[in-house]
Number of protein chains: 2
Amino acid sequence: MAMSTEPLTAERILVATEEVLRRHGPAKATVVDVARQLGVSHGSVYRHFRTKAALREAVTERWLNRSTDLLRAIASRRDLESAVVLRLWLSELFLAKMAKAGADPELFQTYEVLLRENSRVVEEHIGELVGQLTAIIHIGVERGEFAVPDTPAVAARAVFDATGRFHDPVYAAEWSRPSIRDDFGAVADLLLNGLKR
Amino acid sequence: MAMSTEPLTAERILVATEEVLRRHGPAKATVVDVARQLGVSHGSVYRHFRTKAALREAVTERWLNRSTDLLRAIASRRDLESAVVLRLWLSELFLAKMAKAGADPELFQTYEVLLRENSRVVEEHIGELVGQLTAIIHIGVERGEFAVPDTPAVAARAVFDATGRFHDPVYAAEWSRPSIRDDFGAVADLLLNGLKR
């Protein structure tokens, strides 16, 4: 058992949990494994996360939010045309997902299992992303660049749904196809054209 | 064993195979079950389909093609604006998939298994559908209703990809949500606007 003098924070527990999930897989990983990884008692872990389910939910949320900050920074750019911001944002979302799936396929598969058991966290994450898209489209409408038949929020949801092939983990196996970037480009062109005033 | 004097056709074997798949599920259904259902020897079945895999492929193809004829009839309408034809076509595809998933969920799940093992048939089916979409968009461009940045075929693929949420069986569980028709409408509006000249 490795001993540590660092204070036991929620963040350290989440880092260790991801490592344990990577090593044992989502079916076998236990809170005892996480405690052993940190050199603490499992009681110490439970003081931060009251149940195993709460720990799994928190680690899923942390993984999903890893790419959200960069996307939010893109969404808040005011120095570029809205069409450029929207295309950058969609590309960044796709590239971030591809990178996650490609760099560590086992961990990605592990998170696919966790996503299925944490639908509330997934809904919140999608809500955050659609919120960012809504902000981009709202500014575009204000500037007279975009026009939407309904509200910016409805258009944002439509853009998110229409690009699912390029961010929904169910399609991860297709992201290594050589044609996928062209496919993405064609969908992005069509959607941007659809938003143009 | 039920005896029959009808001649044993490929179509009768496929009807019986679907019935056997519905009853036993894709893991347990055998060629012997199909022969028993028809009151013939399994050798007679093998004279039409040389392997169990060939039989499963043919039954999958038949299921996929069941909605293709109606879609082809819509795609060939010349009396309506291209935008109307495209919207009708997308709605019909979505409704046909929803109906299949809703009317007989067990059979739908069975076919989800068969689709995974018959990727060539699935590719051909998608090729047929994207071909119909290409024809609709091609006519729209010729009439001056639509404009596409690349070819009609590229735009057709983009429309197909962008509407995956409303026809890809991986999303079947979401088709019973009350909001799904509005979600579909918003995506269709955006895509049609994107094709407009």
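Backbone N, Cα and C atoms are what each Cβ position is placed from, and that goes for glycine too.
Ranges compared are B:30-49, B:110-129, B:150-169, and TrEMBL records DNA-binding region for B:30-49. For the DNA-binding region (B:30-49), the model's average pLDDT works out to 96.
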